[in-house]
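K.L.:
Take this structure first; my questions come after.
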């Protein structure tokens with residue numbers, strides 16, 4: 001079989017059919033479709049290292065730029081050596097047989113193999129024939145576009161066929177010009193290094209950090225740079241084409257093929273189908289570019305993937321910078337920008353972590369000097385507190401809250417106010433630093449001036465427009481006599497209806513009225529999902545209230561003494577589990593809602609999906625935290641007049657040290673849990689689990705002995721990798737983490753440290769996933785991180801407001817200041833605890849709400865204390881809010897206004913002081929424009945000189961006339977034109 005030669009594609013249609021039907025079975029792998037193209041067959045693998053690993057066609061010369069896979073019927077043991085016929089019995093031969101049957105002629109004799117499987121073939125779904133027909137049409141259209149294809153069904157992956165695609169040189173040039181790809185020209189210019197004190201400092205820093213740079217060529221600083229220009233076939237002489245094989249790298253080649261795949265349509269089906277629809281309908285099962293080679297093993301040839309695995313995806317290089325240039329070269333600009341952003345974010349977390357640790361250590365160092373906690377923990381403290389719950393709880397001593405008060409000081413001290421201001425400025429500096437870094441990368445990656453063009457319409461959008469167009473035709477139901485006619489002219493009518501639909505879709509589009517049901521569904525479902533989150537938070541509140549009461553009834557003294565800690569911790573863990581589950585649910589719901597909207601382009605789809613997912617996941621992650629920070633302990637009431645839920649559950653109170661400690665516990669458990677379980681464990685475990693499932697489904701275990709003898713091809717190995725699902729999950733987890741770092745940082749100064757430690761692992765984990773666990777993504781160009789930057793800015797702005805409210809209302813910072821400067825007799829904090837406690841006469845308890853053990857402390861209690869600003873029972877207006885409450889509230893609101901405006905003003909000043917474009921990059925961009933003009937002026941002069949030399953006796957005259965080049969091209973052909981112009 002390996003020695004057979006494919007037939008000429010110029011053979012006539014009828015002759016091909018006869019030749020195909022008359023040839024033996026082992027010749028039937030050659031398929032000629034519509035007399036226009038020919039699929040090259042997979043021959044027996046040769047002892048050629050280039051094609052042996054599946055990176056090249058069987059000739060060992062043409063590189064595989066893209067792979068399509070499809071499902072094939074698994075051959076039985078009796079026909080395992082005749083699988084090639086399944087490929088030959090194509091739509092054309094079936095149509096030919098049907099046509100002869102309609103004309104009253106007997107069908108041509110079928111090979112014996114058909115008789116063996118005829119009953120099974122007739123029992124197969126019609127869809128299999130339809131899929132094969134669509135594949136043949138689509139592949140024919142790809143060939144018409146200039147691509148070269150090669151099929152391989154004789155693989156060690158049962159049930160999977162492979163279509164290998166190669167883009168020849170002329171196709172690459174044509175598409176590069178269409179896509180306006182900037183390619184390096186022959187022109188080289190020197191990149192001037194900045195001078196001065198800043199440059200010297202930068203040089204010293206670069207020398208000091210030399211060991212931290214990865215050992216890759218793309219990361220080294222070069223003093224020269226190639227001038228880049230949008231590729232043009234007419235100006236190929238400007239580019240260095242001495243090595244055509246490497247001029248377009250594998251990343252660019254695959255993106256060019258993908259662009260062709262998106263443009264190519266199947267029009268002979270009921271409606272137009274592109275590659276997305278073909279994948280969605282199962283015509284093809286996967287489409288992906290190939291990795292450059294293996295990452296480990298014996299005798300592995302050097303390649304970019306292996307280099308990335310060693311210098312980027314290894315945990316042993318966690319302390320090094322990322323080879324962003326090589327990442328961009330292999331994966332494209334969009335993925336390169338993500339890892340550049342993640343790397344900068346991680347670097348910026350280092351100073352934030354240091355300051356956070358200093359703030360925490362300051363709290364540890366001053367805990368023994370904190371007067372309010374000293375007063376609470378003093379042995380002579382004889383303050384009796386009111387019960388924390390009805391009946392089951394009894395009176396208790398304030399000294400029991402000593403541990404909570406001391407722990408609260410670690411996070412509730414004057415340094416946290418400074419840290420909140422610092423983090424707001426840090427967020428502003430991070431944003432500005434990223435804009436500068438982004439502009440530098442745009443210059444280095446030749447993205448200056450790049451504008452994203454409107455993407456191709458999505459297949460779902462085209463289908464909906466087609467449906468709308470066909471409805472507007474007001475087609476009546478066909479008569480019974482026309483049904484028979486439809487059977488005889490099925491394909492003809494299908495093509496006509498499809499082409500009619502295509503003409504209509506050019507005029508039609510989906511309007512807001514068409515999408516109105518989807519918009520209403522979106523609004524209702526989003527509100528419902530947010531309502532579910534609130535309901536679950538409310539359920540956890542009921543759990544805390546009931547568990548608190550139940551544990552107080554315990555006979556175990558240890559249990560009763562640790563009630564608060566037990567309830568806080570278990571409730572936080574329940575919240576974490578619910579958040580993790582709802583995150584997955586909300587991600588699926590957001591995708592479903594976005595599909596309902598039928599966005600026109602992939603970019604619009606992605607932005608809508610990101611927005612919905614962010615809203616749902618943000619509400620899911622932060623609703624429990626917002627409740628603890630701003631609502632818990634404020635809707636309680638007072639002794640004798642508590643607020644109840646369902647008339648039996650009394651609303652929970654904060655500990656005497658405030659809710660800040662509980663907020664810190666909730667934040668730490670949620671943040672650490674999401675990072676360890678969701679971000680790391682899921683990212684490692686789920687891809688491996690899916691890979692194992694695909695491995696079992698393919699039943700490759702029966703082929704293990706064969707695999708030892710013969711290695712899988714590259715396209716087979718990549719088939720078992722996890723498909724690339726986009727960068728949305730990666731960005732989303734980092735945006736949520738950014739929220740944890742900035743939104744409630746006043747209550748948890750160690751958040752930046754935990755985020756830093758997580759990101760050090762996250763970078764290498766994501767790198768290993770991209771290099772070794774995922775199929776190679778199609779390289780996508782992008783000059784920024786898109787909608788994610790706007791979300792970051794929004795989170796940073798909201799963080800300022802939330803931190804102002806946390807400091808003002810959740811912590812005791814403002815009440816302490818008010819007491820110290822308004823009510824303290826000596827200007828100190830002595831007496832602050834007593835000032836914040838109100839009196840309650842136990843005789844005023846509601847009937848049935850008093851403690852069951854009133855003598856729990858060993859003596860009867862007449863007066864108990866509770867934390868609030870209210871008048872004492874002996875005043876003229878007992879239990880009414882006192883004037884101290886209003887003074888503290890006014891101070892809190894004033895602080896929020898001042899803090900918010902001052903911090904935002906400082907952030908705007910930072911934004912204004914730091915330019916978005918570095919000065920040296922701005923100069924280099926300007927220099928590139930000047931050099932480009934000079935290059936084209938020299939080319940223009942060269943053309944004129946050539947034209948003058950080709951025109952005898954008319955050179956000087958023509959050179960003075962400044963005739964356009966477009967006209968001057970006709971000068972060498974006739975002298976009459978030249979003389980006419982001279983006159």
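Using the three backbone atoms N, Cα and C, a Cβ is placed for every residue, glycine included.
All annotation found in TrEMBL is predicted automatically rather than curated by experts.
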K.L.:
According to TrEMBL, which of these ranges is transmembrane segment: 499-520, 609-630, 631-652?
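P.N.:
That would be 609-630, the stretch labelled transmembrane segment in TrEMBL.
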K.L.:
Residues of the same chain, at least six outside the transmembrane segment (565-589), with any C-beta under 8 angstroms of its C-beta?
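P.N.:
Contacts with the transmembrane segment (565-589): 525, 529, 532-533, 536-537, 540, 543-544, 547-548, 551, 559, 613, 616-617, 620-621, 624, 662, 665-666, 669-670, 673-674, 677-678, 729.
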K.L.:
What is the average pLDDT across the domain 'Anoctamin dimerisation' (56-324)?
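P.N.:
In the predicted model, the domain 'Anoctamin dimerisation' (56-324) has a mean pLDDT of 76.
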K.L.:
Mind checking which residues of the chain, 6+ beyond the ends of the transmembrane segment (338-362), have their Cβ under 8 Å from one of its Cβ atoms?
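P.N.:
For the transmembrane segment (338-362), the far contacts come to 321-322, 324, 327, 410-411, 413, 415-416, 418-419, 422-423, 426, 429-430, 433-434, 437-438, 441, 727, 730-731, 734, 738, 741, 745, 749-753, 755-756, 759-760, 762-763, 766-767, 785, 788.
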